[in-house]
Amino acid sequence: MRTLTNARIVTSQGWTAGWLRVDGPRIAEVGAGIAPYPAAESVDLGGRLLVPGWVDIHVHGGGGASFDDGDPERALAAVDLHRRHGTTSLVAGLVTASPAALLRQVAALAELCEAGELAGIHLEGPYLATQRCGAHDPALLRSPDLAEFQRILRAGRGHVRMITLAPELPGALELVRAAVSEGVVAAVGHTDADYATVCAAFDAGATVATHLFNQMRPLHHRDPGPVAAALTDDRVTVEVINDGVHLHPAVVRMAWAAAGADRTAFVTDAMAAAGLGDGDYTLGGRRVRVADGTARLADTGAIAGSTITLADAVRRAVRDLGIPLAAAVRAASTVPAAALRLADVGALLPGRYADLVVLEPDGTLHAVYHRGRPVTGVPASRGQR
Ligand SMILES: [Zn+2]
């Protein structure tokens, strides 16, 4: 048992001075004021902020590794990089690949889910629109195939938590219904669908819009498309890549104004370069060049994911957008956890995992706990991009 005392603890209402007691991997108790436990087993946080660990539901890699490498050891390097920056739950994203490659990748990542290192797997593709493929290989895109989808789910041994698909493709709505009935979250993305088609996907059970604005039919006042369909539907959580590259800050503000703190999930869409510098990398087998922190396909120049962590997204939200820290924290933890029904994380409540981030009053990282244990190698985030 260990008690973190003298903390300012985030709640749905704001901040409360108090303490949090950890028992093994889980939160045992949370209280206001002075902790009623001996100082000998306490860690004094000196008035710092205590928030839930971040939950990244759209991330492809980091620390030099990609989840599509199909190698659990390398995937752990990505997990470690993000964890040191406060992301204690990652849903590993797989981009479009051949049927055989996807089965291999999903089986490899399922091991890490079973080991408690990943919170699940997100299939971004392969049922996406060619004209909105972004960094996905257009030659490998295909129409929704229920039999293939079931094979992938079996290979994932229950750990595929989410699939992004384009709802205008033949059989897409059937696939949305099949996903929902299997407990998999269906998300709309990489789509050229019109407003009515996206609304039909939400009515069929889709509940997430994948990286809102990016690689979807743009918002137009007579052709509102996926953006308006997602922002105006209370059932839908919108993913926002707040890296200063994918979206203009004014567009993030607009999405935030429409979807609010309860339906906006910050995601990184990070690729292998997250946490490293500029250079040459791969994503889904394609060459990616990172320059000035921006990842682009070497051949087409399409943006190929980000190089940030959720700590960066939170910091940018506060610094560049004027979003209150408590609300930004919610968008990086509580909202994405709820969107994927990850019931063990996303809030500082008894019974949940003791996945914790300690922040300085200005929002920079001080310490990270994963399942009750301090994470080593947490960078002083001050001054980082
Ligand atoms: Zn994407």
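Backbone N, Cα and C define each Cβ position, glycine as well.
Given the structure is predicted, the values throughout are model-derived calculations rather than measurements.
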TrEMBL annotation, Zn(2+) site containing His190, His211 - matching residue among Glu111, Glu114, Glu117, Glu124: Glu124
Cα-to-Cα gap, His190 (Zn(2+) binding site) vs Asp269 (active site, proton donor/acceptor), nearest whole Å: 13
Whole-number Å value for how far Asp269 (active site, proton donor/acceptor) lies from Glu124 (Zn(2+) binding site) (Cα to Cα): 11
Lowest local Cβ density among His190, His211, which the record lists as binding-site residues, within 10 Å: His211
DSSP-derived class (H/G/I helix, E/B strand, else coil) of Glu124 (Zn(2+) binding site): strand
